[in-house]
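See structure below.
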């Protein structure tokens, strides 16, 4: 088998570090040693004798307050740009694209990522507040614009106080303590989301789009709250929803070199084959037969094993990077006996055979007959989703029945919980929402809205819901006075007052985007003691927002508050900025033949 592998030019040539095909001497060496030594895959670079040149830096001290003002100018430019998208009557932002048509977006974090300011100090300020949006997007998937606006409020109110001579260390400590206490109050205001409210949560996040809200709620009802819902770009102008058999688990790719989409940092394969191995893969030679079949068949292959040792992994990575194989690998989910059970579940879903030595199957003799089939595979750094091709539904039903019998026999609650998780992964399937639009530009913008709505719905399922429209943050401001009594000194209490004033910024901006005076709206909302009472910017009415379906996920509001406070703390504690001095661009050298009498 080793000789077959090395003789195959598509794989055997991968071992040679200089990129040329292996000669006979190299093949003979490989046949007598372990395949693909580390130094042959990743040769050690020669030590360079050239000196490292460091770019000069420019220092900006905040002696007269100009540096902080420039940082704040960057914050305000980014926040004002992102802020136009906030609320049901927020507008879109058009982003220039160097290649292709311009992008029209209504998503805060997408806009924030595109901003690069010419002034280096202002650009650092924009980058600081961008962190609030990015972190909120990572954890909650929605609320990015609110995070930026709230951070702008914290910074604006904080800069005024610090400029007046307050101690920024104690001020930021007060902000931190107040934000932490308000998170506790927020959880008290939260309620568990009902099935009938899921559509409202999604619709609000999608800019009051009821069609998107109802579709996401329908998807949740089909696969369950813990089911998996994914998005695809459709080929028609209409949105579509369908459910296919699938499974998701908390294991990501072993190496980032397997990534096929560098923007999302994910691996995506269609019509993929799966190799399941219930042991550690130590030698790449054992995979020769399976890999050669994959090359001849031209299909992508996913390897799921207990682990893959470094030398074998390096061989797979090099083959992938050179385009020889469409391949990815991940560690099997679970540990011990549960790991074997998960592998069996995946095998039944995909029609694969698990390679186990105790049943007489060895990896080096395995062929394509042991491979499973998946219509789609998506791997990220932390999760993996496998969508079956629908040909194993009868086997899946039998497997679910077996697991239900095990639940009846189980004595411990933990064991029952894990068995129920396996049933959900097997029988819940994957709901796929195909987003349709008339043009590519509209499709990109619409997909971002649906993605935000889906993330908001998942966040609502996790931690519950609160009143939306910026009213919950405004109501939290009334809790600050009680929190101030627990703080240690007057300057920390000033920090609490900063939080209190900043909490009204999102509601005021929502009202402003709807063409209404934000201060008037804020006062009218607070004049009513009913916590559900607020301003519906979509209709222009003051009403019970919970009954009107204006709902925010608690997790989103919590992340906005925590991350905005964190960014403000970092900003207010800054007193000096270091930036690189931009080197002047070289003047293009003219043609020495011009005007010499010899040119034409």
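Including glycine, each Cβ sits where the backbone N, Cα and C put it.
Model, not experiment: these values are computed from the prediction.
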From 478, 574, the annotation phosphoserine in Swiss-Prot is attached to 478
Choose the correct range: of 1-23, 24-46, which one does Swiss-Prot annotate as region 'Disordered'? Give that range.
1-23
Look up residue 478 (phosphoserine) in the DSSP assignment and reduce it to helix, strand or coil.
helix
Check residue 101 (phosphoserine) against DSSP and tell me helix, strand or coil, would you?
coil
Distant-in-sequence Cβ neighbours of residue 101 (phosphoserine), under 8 Å, six or more positions away:
440, 441
So how many other Cβ atoms are close to residue 478 (phosphoserine), meaning within 10 Å of its Cβ?
14
